[in-house]
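Presented below is the structure to which this report refers.
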Amino acid sequence: MNFDIEKLDSQMASDEKKLFFIQTYGCQMNEEDSEKLSGMLKRMGYENTENRDEASIIIFNTCCVRENAENKVFGNLGALKKQKEKNPDLVIGICGCMMQQKGMADDILKRFPYVNIIFGTHNSYKFPEYLNRVKTEGVQIKEIIDKETEIVEGIPIDRKSDIKGFVTIMYGCNNFCTYCIVPYVRGRERSRKPEDIVNEIKDMVTRGYKEVTLLGQNVNSYGKGLEENITFADLLRKVNEIEGLERIRFMTSHPKDLTLDVVYAIRDCDKVCEQIHLPVQSGSDRILKEMNRHYTKEQYITLAKKIRAEIPDVTFSTDIIVGFPGETEEDFSETLELAKEVRYDAAFTFIYSRRNHTPADKMENQIPDEIKHERFNRLVEIVNTGIAKGNKDAEGKIYEVLVEGYSKNDEAKLTGRTRNGRLVNFEGGEDLIGKLVNVKIIKANSFSLIGEVEK
């Protein structure tokens, strides 16, 4: 289904104060959803502001993977009460995964009755319509669609960067890991047509983009449900042929579905970067089974070794959960051993967070918080040691770096990433931004590298 751009153009902003503010919680999928909300609003004549207090429209795009993200939303909603009283015309919208949970939207309206619009993950393209109704009819809107809908193509998008951007290739997840709420709030797997993906990337290239990150809850499932017989490896090869594109990244890969064909595509496609996000979650076979992950510790390690054999410069990042119900000290030790053996270059480590309506929430032997935190600290120490070693090994080597802009920590330096994802800061002129340059690494820090441009 194609987005109705003509209808959007008929809903131009009438506010004197045409400013909007979007707060995004959660993953890269949410970030891209927010970029589309921003794209629609800008098409309507609104402008973005980073100052929430001056906005006439405020949107919270929510996440429900962990309880902490939900608590932040509640806190920020409460803080808007005075702003709404001061400016009754302020439009407050809440969307995203958190809203898809049973009873959540009604709870929000009960606790924060000044919220104007609530919608979920399947109907964000209708936000301009909701906004128009609030402004013209003065109604309060709550529309949560429980079942996944047809993919909508052609939604205007306002990407944060002019150099690199996210491109969603599929939506939803069919895996139902016992700790995870994503399949319940994002729906079943649906793949975009390859021609739609390729055309979007070609359009980005004409606008000057050098790098794309292909997004999906499990990119290795790409192709399911399409009439055309196509796999994720096939898609990588198609995207690799796009003239003018310099780099291709992707996430996330489920270890059980990452085939050798994908590994060979990464190896053979010159634009696909040597970086793989491969969530392991645990190193214990018993816990992996309880999580419904469908692989063992040995299978995961074997896969990592096969990948390294084919792609020597590859770096791995991962997700690890600490304190899953029933996790013993022995189980946790298996996770530490795996982290040491694989040696990750980045890791997103999480303390297990109970999620309503997931099987793990009902499991016995929930781990006390003090044990979770103690194990978490031990894991972070192991992971950080591995990251520091990887960075130290980079000293003296020359890497191709895509210059993304000025460093957030040192505005006198430029920043960018190597093909395998390492963050490099170095001195250079503004004219280098957006270009690929060779940088020699002269110093390794804990989580970044210092380099100098090769003349």
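Backbone N, Cα and C define each Cβ position, glycine as well.
Note that this is a predicted model, so its numbers are computed, not measured.
The domain 'MTTase N-terminal' annotation in Swiss-Prot covers 18-136. Among the features that Swiss-Prot reports, [4Fe-4S] cluster 1 binding site is placed at Cys27, Cys63, Cys97. The domain 'Radical SAM core' annotation in Swiss-Prot covers 159-389. Taken from Swiss-Prot, the feature [4Fe-4S] cluster 2 binding site applies to Cys173, Cys177, Cys180, supported by sequence analysis. For 392-455, the entry in Swiss-Prot reads domain 'TRAM'.
Overlay of Swiss-Prot annotations on the structure.
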residue: Cys27; record: [4Fe-4S] cluster 1 binding site; contacts (Cβ under 8 Å, 6+ apart): Cys63, Val65
residue: Cys97; record: [4Fe-4S] cluster 1 binding site; contacts (Cβ under 8 Å, 6+ apart): Gly26, Asn30, Thr62, Cys63, Cys64, Val65, Gly120, Thr121, Ile181, Val182, Val185, Arg186
residue: Cys173; record: [4Fe-4S] cluster 2 binding site; contacts (Cβ under 8 Å, 6+ apart): Cys180, Val182, Pro183, Arg186, Arg188, Glu189, Gln217, Asn218
residue: Cys177; record: [4Fe-4S] cluster 2 binding site; contacts (Cβ under 8 Å, 6+ apart): Gln281, Met291, Asn292, Arg293
Taking 8 Å from the centroid of the Cβ atoms of Cys27, Cys63, Cys97 as the cut-off, which other residues in that chain fall inside it around the [4Fe-4S] cluster 1 site?
Tyr25, Gly26, Met29, Asn30, Thr62, Cys64, Val65, Ala69, Gly96, Met98, Val182, Val185
Going by DSSP, is Cys180 ([4Fe-4S] cluster 2 binding site) sitting in a helix, a strand, or coil?
coil
Can you tell me the mean pLDDT for the domain 'TRAM' (392-455)?
94
Could you name the residues, excluding Cys173, Cys177, Cys180, of the same chain that surround the [4Fe-4S] cluster 2 site, i.e. Cβ within 8 Å of the Cβ centre of those residues, in sequence order?
Asn175, Phe176, Tyr179, Ile181, Val182, Pro183, Gln217
In three-state DSSP terms, the structure that Cys63 ([4Fe-4S] cluster 1 binding site) belongs to:
coil
For Cys97 ([4Fe-4S] cluster 1 binding site), the three-state DSSP class is helix
